[in-house]
Amino acid sequence: LKKSLFLVLFLGLVSLSICEEEKRETEEKENEQEDDKSEEKRLLSLVPHAINAVSAIAKHFG
């Protein structure tokens with residue numbers, strides 16, 4: 001009885017460990033996707049400033 005109880009507890013811990021690892025990997029992927037989206041937003045927010053700068057330079061030299 002002790003051996004089977006030990007085996008059940010051991011397998012439960014292994015299963016829990018695997019689930020935690022998968023959860024951690026999923027969270028890391030989600031965080032990477034959020035980081036990518038925030039980078040895209042930052043770059044897109046720079047576009048109007050770049051356009052204004054180009055147009056100002058064109059007016060200055062044009």
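For all residues, glycine too, the Cβ spot is worked out from N, Cα and C.
Values in this document were obtained by computation on a predicted structure and should not be read as measured data.
These features come from Swiss-Prot:
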type	residues	note
MOD_RES	F61	phenylalanine amide
SIGNAL	1-19	signal peptide
Secondary structure of the residue listed as 'phenylalanine amide' (DSSP, helix/strand/coil): helix
Local Cβ density at the residue listed as 'phenylalanine amide' - other Cβ atoms counted within 10 Å: 6
